[in-house]
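> I'd like to ask you about the structure that follows.
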Amino acid sequence: MTTIVSVRRNGQVVIGGDGQATLGNTVMKGNVKKVRRLYNDKVIAGFAGGTADAFTLFELFERKLEMHQGHLVKAAVELAKDWRTDRMLRKLEALLAVADENSSLIITGNGDVIQPENDLIAIGSGGPYAQAAARAMLENTELSAREIVDKSLNIAGDICIYTNHFHTIEELPSKA
C-alpha cells in the first residue's frame, strides 16, 4: 500500500505521501505522486490503495467538487454515496485523505466520510506508524505542519516495507 499523512497546524494544512507502488512483493515504481491539488488548487488530496482505482476516484471527486462549487464536505459525502451504491465503483479499493482551508476528511469505499480527531490523518499500510509519530510531534514540539508530515513519512518509511522515502507534499493555508 502506502503512507499518506495530513496535519493541520498554525494556519497550514499539509498532506504528504510516499511514492512506492508495489505489485505483490515487488516494487514496481518508486516515484508515484499520490498527493495532488484539485479544484483550482483549493483542495489537496492523497490516496492509499490501488493506483488505477485512486486516479479514478480523484477524477470523480474533482467532478463532485465542481458540482458543489468546491464545498469539500458536500463533495465528499456525494462521492462516498456513489462509491457505496454504484456496482462498478464498489470494486475500487482505495482511501482518500482530502483537505481544504476549513476541513480535513477521510473518504472510504464503505461510504464513510470521517473528520479525524485533532485534524490528523494517516492512512495506508504505514499509517499507524506515521500517525503515532505525528501525534507525538504535535504534542511535544513546535514543528510546522510540513515538518511533521515529512518526519512522519520518514519514520513510516523506515518501518513499513510498502512505504519509501520519495515524498510528495502539498500544503494550503488553513482557517481551522
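First residue shown is number 1, and so on along the chain.
Heads up, the Cβ atoms here are built off N, Cα and C, so glycines get one too.
Keep in mind it's a predicted model, so treat the numbers as computed, not measured.
This is the feature table in Swiss-Prot:
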ACT_SITE  T2  active site
BINDING   G157, C160, T163  Na(+) binding site
> Applying the rule Cβ within 8 Å of the centroid of the Cβ atoms of G157, C160, T163, what extra residues of the same chain belong around the Na(+) site?
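Going along the sequence, the neighbours appear as T3, D18, Q20, S125, G126, Y129, L153, A156, D158, I159, I161, Y162, N164, H165.
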> Among the binding-site residues listed here (G157, C160, T163), which has the Cα closest to the Cα of the residue listed as 'active site'?
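Sorting the binding-site residues by distance from the residue listed as 'active site', the top entry is T163.
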